[in-house]
């Protein structure tokens, strides 16, 4: 920035001695300190520019060795970032635009070079050039940064491709190893069962106890394999769900049958608290049992001999859900660890945990399986008292299920289609059950299916209507294969119809309202009425 204390170095190219003196005198009579170097030839001016740094170059357009715009163009090439002011005769004044295009920052008619006009022009030219130079430097820096970013982006792309390849390789390796473990595990469990049943000879009590431990450890390894495979499927987005109405007492009974021997091995009492009058829940029963067993195994591991583990279930009619939980009286979990236990491969880091190391996947998988069943997994614990792990699943009520599914779906840019699927009245019960399996097979991860009646289903498809013909063609093809491969013979054909379509920007509340009305409508009409419409 030029100030009154700054020395301004000026190179003046002017071959007329009188004009030189006028210009030098005007600049010296100014409050700024101008140091003027005068030359009369273009070649001399170029030499001075090479040898010295000037703040501004002031040049006549006509000198002995150059004339007109060529003078300005030549100087502009050599000036670089130094501003250039042209001094023109009257005949050039009308060509001001060409003068500026030739490279001059400004121009003055020689008759105007008086008072402070030249000084103002010089200062303005310097400031404009400073701004221009700064912009150029910023542009060069920006260009360099862009080049660096492009290079970094290419490096990231290469690394991402490599990581994706490594991830696929690792996943394939895990899947292959997990599947390969199945065969020896099955053999181990079968031979243990043969020995325990006395088929290979008499077994005493101590041997029976040891065989029980072997069976439990084989089950542990089998659970690890299940968790690893599920983790792989979850990461790949291919783990489906067969959700249906489920009896909670039967669910708890099945889970407890898988846990009693383990509890006996640990010398821990397993207590079941499950009312018989609980309403049916809506879930994938296999995944719900997996979660129960996972939570109960952890509770048994952390319990001391003689302690009690309670497997319980309760109904919350306000929230429309069933809560299933496991309560233990183990060491408990501190607040810091509670924030981490659901993370993948995270294990408790305390004295008790060191004696019962797990594989670090169980709770993370349990949480994700619970989300697939439209519920939540919670934990409450107090150090020295014990822990309560519990999870929720919705009651078998379409409105509650659909609301939870919408919450899990979140905001979406995909339309939503409600499709009715029906079998005829002549379809046998076995046909309906097998078709239910087929309908669940059709589900993509983001779809949901409601069984409204033994031979009626409502399918919710996040899909644009334009994509429906392709989906229907694929469904027909899969149904043909399903019927062809059914050992019991073919199933009567099914009917389908789109009941309602919601646009992607539809309000969630309006969708829920429409869904409730749709369900209410279905419950007031017999199946025959629907079939007549087809």
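Placed from the backbone N, Cα and C atoms, the Cβ positions cover glycine too.
Break the domain 'Response regulatory' (9-125) down by DSSP state and the numbers are 56 helix, 28 strand, 33 coil. Under the heading domain 'Response regulatory', TrEMBL lists 9-125.
A sphere of 10 angstroms centred on the C-beta of residue 60 (4-aspartylphosphate) encloses 23 other C-beta atoms. Annotation source TrEMBL lists 4-aspartylphosphate at 60.
When pLDDT values are averaged over the coiled coil (128-169), the model yields 85. Look at TrEMBL and you will find 128-169 tagged as coiled coil.
Residues or ranges marked as domain 'Histidine kinase' in TrEMBL: 176-397.
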For the coiled coil (128-169), could you work out the same-chain residues 6 or more beyond its ends whose Cβ comes under 8 Å from its Cβ atoms?
1, 81-83, 105
